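Q: Once you've had a glance at the structure underneath, I'll fire off some questions.
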Amino acid sequence: MSISSDEVNFLVYRYLQESGFSHSAFTFGIESHISQSNINGALVPPAALISIIQKGLQYVEAEVSINEDGTLFDGRPIESLSLIDAVMPDVVQTRQQAYRDKLAQQQQAAAAAAAAAAAAAATSANNQQPPAKNGESTANGEENGGHALANNHTDMMEVDGDVEIPPSKAVVLRGHESEVFICAWNPVSDLLASGSGDSTARIWNLSENSTSGSTQLVLRHCIREGGQDVPSNKDVTSLDWNSEGTLLATGSYDGFARIWTKDGNLASTLGQHKGPIFALKWNKKGNFILSAGVDKTTIIWDAHTGEAKQQFPFHSAPALDVDWQSNNTFASCSTDMCIHVCKLGQDRPIKTFQGHTNEVNAIKWDPTGNLLASCSDDMTLKIWSMKHDTCVHDLQAHNKEIYTIKWSPTGPGTNNPNANLMLASASFDSTVRLWDVDRGICIHTLTKHQEPVYSVAFSPDGRYLASGSFDKCVHIWNTQTGALVHSYRGTGGIFEVCWNAAGDKVGASASDGSVCVLDLRK
């Protein structure tokens, strides 16, 4: 038997990821140097740690229940143990002695019952009553039956059958060999990109004229070793299409960003980060790519040459998210609790926002680029303006960490100028909230999810919001009324949801390696 600390650490790291503890997984991965291990994560099946623990538990159960000669202990079947029971000292001897004591009590009780039965046999013969006919029932029986039926419910939140998306309207795409962290629709066609822990991204063709159904292109992320390309065996952590839909950028735990054509060909490999990449975005013009990494830096890349235009080393801890304000100005956030606004060509931030008291998970500029929203593990959502040094709104309603935020594509500067601007926040408290930022109030609290919510996305017209949670559900909400209008339960925890450009399909990526596409057309 051979067990290394690297192997144990990797299984713990994967368990944290699969269970939705993304921040814990990140911290543990850094401290245990997971990125430097040679373990091929694509070959390790999901739930590997749980599987090996279950086998160990079964071994202890066998120890309790089986004698040294292989026979069942006192003829009984294998006893079920909890995990905590199994690690207790002397569990085998303790359980076997407890069973001996119980067996002795049962034998004594059986002897007493037999004597009582013999004594009552004579009198019972004189007091027999005819048995009830088939089909007869007592009033008490009816009452108990009704009570049992009334209480036959589950803890799972009930969803109205009218809003459930039928299987005929859901396409489940299989191919990834590990959890799928991210997905994004091409902005001009029905191509869906996905990124996974199996060190691949994939492009799925969901268009009506696809000749062979939903075809997939596999984008394998490789690194150079010994003069040849070998799989990186690292998670694909981020991806983004350019505005024309011709190029896909991906970021990986191997520290490289890559640019691919929509046909799946590798166009460029961008290598200057000194560790995993956590976020990556194209600017609107399509000439620059922005990335954020664990090395505490952000980098603007020239998309045409693949060269780094400028590296910004201003954070004191890993950078978690980035968002463009304009074609050459952006904001970044970090576990250092700070937000920096930087501009290409400037050697220091043009603005720094401070006020969060825990790591800042996500940032997003509103459609006009005037307001910046941020969310944090401090359970607050803050709104910032370049005209002020402190936040203009400090929104406190969630009671657990806020994982992500999205602005609606409505209001000034959008294709829906007459609709009100809204902000959505998704939290580990299992709720989604919709905010009127102008007034600084929560207008809807969406509460059907049962587990942490990892992703929200507005439809292109802003009328609907999709949310995805680790409860395996994708919910579609009416943003005006807060009503649930569609619901789908998948086969794995949902990491990401996204709308296609036409607003009639929702893509979702899941922890079990599946990608599902929901067709919302009537």
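Placed from the backbone N, Cα and C atoms, the Cβ positions cover glycine too.
Look at Swiss-Prot and you will find 123-141 tagged as compositional bias 'Polar residues'. The annotation domain 'LisH' is assigned in Swiss-Prot to 4-36. The domain 'F-box-like' annotation in Swiss-Prot covers 41-86. Sequence annotations record features per position, and here Swiss-Prot assigns region 'Disordered' to 122-150. If you look up Swiss-Prot, you'll see 175-214 marked as repeat 'WD 1'. Per Swiss-Prot, repeat 'WD 2' is recorded for 231-270. The feature repeat 'WD 3' is assigned by Swiss-Prot to 272-311. The repeat 'WD 4' annotation in Swiss-Prot covers 314-352. The repeat 'WD 5' annotation in Swiss-Prot covers 355-394. Annotation comment: Swiss-Prot describes 397-445 as repeat 'WD 6'. As annotated by Swiss-Prot, repeat 'WD 7' applies to 448-487. Under the heading repeat 'WD 8', Swiss-Prot lists 489-522.
Map the listed features onto the structure and describe their local environment.
A: Away from its own ends, the domain 'LisH' (4-36) comes close to residues 44, 46-50, 52, 179, 197, 234, 253-255, 275-276, 294, 318, 359, 377, 401, 403, 451-452, 454, 470, 493, 511 of its chain (Cβ-Cβ under 8 Å, at least six residues beyond either end).
The average pLDDT computed for the domain 'F-box-like' (41-86) is 71.
For the repeat 'WD 1' (175-214), the DSSP-based tally of helix, strand and coil residues reads 0 helix, 18 strand, 22 coil.
Among residues of the same chain six or more beyond the repeat 'WD 2' (231-270), those with a C-beta under 8 A of the stretch's C-beta atoms are 35, 38-42, 178, 181-182, 184-189, 191, 193-197, 199-201, 203, 217-223, 276-282, 284-286, 289, 291, 293, 299, 301, 303, 306, 308.
Taking Cβ pairs closer than 8 Å, the repeat 'WD 3' (272-311) reaches residues 29-30, 35, 234-235, 237-244, 247, 249-257, 259, 317-324, 326-328, 330, 332, 334, 336, 342, 344-345 in its own chain, all 6 or more past its ends.
With a threshold of 8 Å between CB atoms, the same-chain residues lying at least 6 positions outside the repeat 'WD 4' (314-352) that come near it are 26, 30, 275, 278-281, 283-285, 287-288, 290-298, 300, 358-365, 369, 372, 374, 376, 384, 386.
Residues 18, 20, 46, 165, 169-174, 176-190, 192, 194-196, 198, 202, 204, 206, 214, 451, 454-461, 464, 466-474, 476 of the same chain lie 6 or more positions beyond the ends of the repeat 'WD 8' (489-522) yet place their CB under 8 Å from a CB of it.
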Q: Is it possible to list how many residues within the repeat 'WD 3' (272-311) are helical, extended or coil according to DSSP?
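A: Across the repeat 'WD 3' (272-311), the residues distribute as 0 helix, 21 strand, 19 coil.
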Q: Can you count helix, strand and coil residues in the repeat 'WD 4' (314-352) using DSSP?
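A: Counting residues per DSSP class in the repeat 'WD 4' (314-352), I get 0 helix, 20 strand, 19 coil.
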Q: Taking DSSP states H, G and I as helix and E and B as strand, how many residues of the repeat 'WD 5' (355-394) are helix, strand and coil?
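A: The breakdown for the repeat 'WD 5' (355-394) reads 0 helix, 20 strand, 20 coil.
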Q: What is the three-state DSSP composition of the repeat 'WD 2' (231-270), stated as helix, strand and coil residue counts?
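A: Going through the repeat 'WD 2' (231-270) residue by residue, I get 0 helix, 23 strand, 17 coil.
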